[in-house]
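Student: Questions regarding the structure given below will be posed in turn.
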Amino acid sequence: PQGIGSPSVYHAVIVIFLEFFAWGLLTAPTLGVLHETFPKHTFLMNGLIQGVKGLLSFLSAPLIGALSDVWGRKSFLLLTVFFTCAPIPLMKISPWWYFAVISVSGVFAVTFSVVFAYVADITQEHERSMAYGLVSATFAASLVTSPAIGAYLGRAYGDSLVVVLATAIALLDICFILVAVPESLPEKMRPASWGAPISWEQADPFASLKKVGQDSIVLLICITVFLSYLPEAGQYSSFFLYLRQIMGFSSESVAAFIAVLGILSIIAQTIVLSLLMRSIGNKNTILLGLGFQILQLAWYGFGSEPWMMWAAGAVAAMSSITFPAVSALVSRTADADQQGVVQGMITGIRGLCNGLGPALYGFIFYIFHVELNELPMPESSSGGSVVAQYHLQQNSIIPGPPFLFGACSVLLALLVALFIPEHTNLNVRSSNWKKHCGSHGHPHSPQAPGEAKEPLLQDTNV
């Protein structure tokens, strides 16, 4: 069945909203179950679970994207949403199986790759950035409201209701794909592509990274992205657990923190970013964003009171301008036929960081013995000072060691970014690039050769 209506961006938007709304509901319950399941090594196990999932997603995303070019998007939308949401009902059935399935689900949990390929099928090139922005904004909007709703329902009616509701929304998403989402890959392309061989280069997750050293300017940009996104990926895998377990935030406070940070980030990436780009230029905006990120991570690292976390969160929202500014710099310096290749490199680096960052943060927490073994988890924000005092006795110099490591990493990124020229045209290097790029995409793929399936702005600071 072809679904309801013709393929549109709104089909993709609804799929993304329902999937991440379901997971957002589980923010507070997951933090509690994680601590109960792994009381002695909470941060280490969290880092390993998220790290394995991120690394598997990085390895499998190109292959699933290439297969969707052959067999169509709808079946792979169904597959990725199903496996992404499969762990949800296991939270109350068996926590051990819940976290095991989360880590293994990374093989198929690449909904964004298929969604952006879906969007690329149905939009013209000049419409694509706006459509990608709409999908990313939907992702942010789903996470602004759902953690607060999940925390409230969990407090009022218990976590079991939250798990049942999240499961129902995930099933609704699957039913929506089955019934309402039409196939976006044109029918005349699909029969011709059935049985087409998938080359190793199409499925190789490191294919785009192999081209990083071909141009010195792009190399500087990629090093900057790696050094700045590695701590960010680790931070967002563990920070809400850190607020809950170490800083003594209640479930409602964590949900409010996510909502406020998301709203401030959206404002920073729209109004503030446009003002800065016009007033101080592209490169200086990147440097300013990295400066805010250093301040934010250092504040998280040395902060010992809940109000410090709120203040640092406002700075974190300002640091979200970095990646839009990097994206704009790439679009201005690269030729039209090189845009997808450079974006693909940066997307690949960020995918690699999504696997390495959480594992690195969990390991650093483990090395510095930042755990909560003796004190029960507080259920209200009034216990925050007690937790903070306990933690300060345990490690009085650096309450959050991984965040301080992250600040040092971003400082290196800032030093590298200083050498990126403000105005550079890569036209002179186009001949070398074309030799190394070639045409690696599927012959029937609607995207330009080498174009990334995910835009640079897929992950917002939410």
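For all residues, glycine too, the Cβ spot is worked out from N, Cα and C.
As annotated in TrEMBL:
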| type | residues | note |
| --- | --- | --- |
| DOMAIN | 8-425 | domain 'Major facilitator superfamily (MFS) profile' |
| TRANSMEM | 9-28 | transmembrane segment |
| TRANSMEM | 48-68 | transmembrane segment |
| TRANSMEM | 75-91 | transmembrane segment |
| TRANSMEM | 97-119 | transmembrane segment |
| TRANSMEM | 131-154 | transmembrane segment |
| TRANSMEM | 160-181 | transmembrane segment |
| TRANSMEM | 217-234 | transmembrane segment |
| TRANSMEM | 254-277 | transmembrane segment |
| TRANSMEM | 284-302 | transmembrane segment |
| TRANSMEM | 308-330 | transmembrane segment |
| TRANSMEM | 351-368 | transmembrane segment |
| TRANSMEM | 403-420 | transmembrane segment |
| REGION | 433-462 | region 'Disordered' |
| COMPBIAS | 433-443 | compositional bias 'Basic residues' |
Student: Are the transmembrane segment (48-68) and the transmembrane segment (131-154) close, by which I mean at least 3 Cβ pairs under 8 Å that are 6+ residues apart in sequence?
Tutor: no
Student: For the domain 'Major facilitator superfamily (MFS) profile' (8-425), provide the mean pLDDT of the predicted model.
Tutor: 79
Student: Most CB pairs under 8 Å with the transmembrane segment (217-234): which of 75-91, 97-119, 131-154, 254-277, 308-330?
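Tutor: Between the stretches 75-91, 97-119, 131-154, 254-277, 308-330, 308-330 has the largest tally.
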Student: Among 75-91, 160-181, 254-277, which stretch has the most Cβ pairs under 8 Å to the transmembrane segment (9-28)?
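Tutor: Stretch with the highest Cβ contact count: 160-181.
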Student: Quick one: do the transmembrane segment (308-330) and the transmembrane segment (284-302) reach 3+ CB pairs under 8 Å, ignoring pairs fewer than 6 apart in sequence?
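Tutor: Contact criterion met.
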Student: Which stretch, 75-91, 254-277, 284-302, 351-368, 403-420, tops the Cβ pairs under 8 Å count with the transmembrane segment (160-181)?
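Tutor: Counting Cβ pairs under 8 Å, the winner is 75-91.
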Student: Can you tell me which of 75-91, 284-302, 351-368, 403-420 gets the most C-beta pairs within less than 8 Å of the transmembrane segment (254-277)?
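Tutor: Ranking 75-91, 284-302, 351-368, 403-420 by Cβ pairs under 8 Å to the transmembrane segment (254-277) puts 284-302 first.
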Student: Taking a Cβ cut-off under 8 Å, which residues six or more beyond the ends of the transmembrane segment (403-420) line up next to it in the same chain?
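Tutor: Same-chain contacts beyond the flanks: 217, 220-221, 223-228, 230-232, 234-235, 283, 286-287, 290-291, 293-294, 297-298, 300-302, 329, 361, 364.
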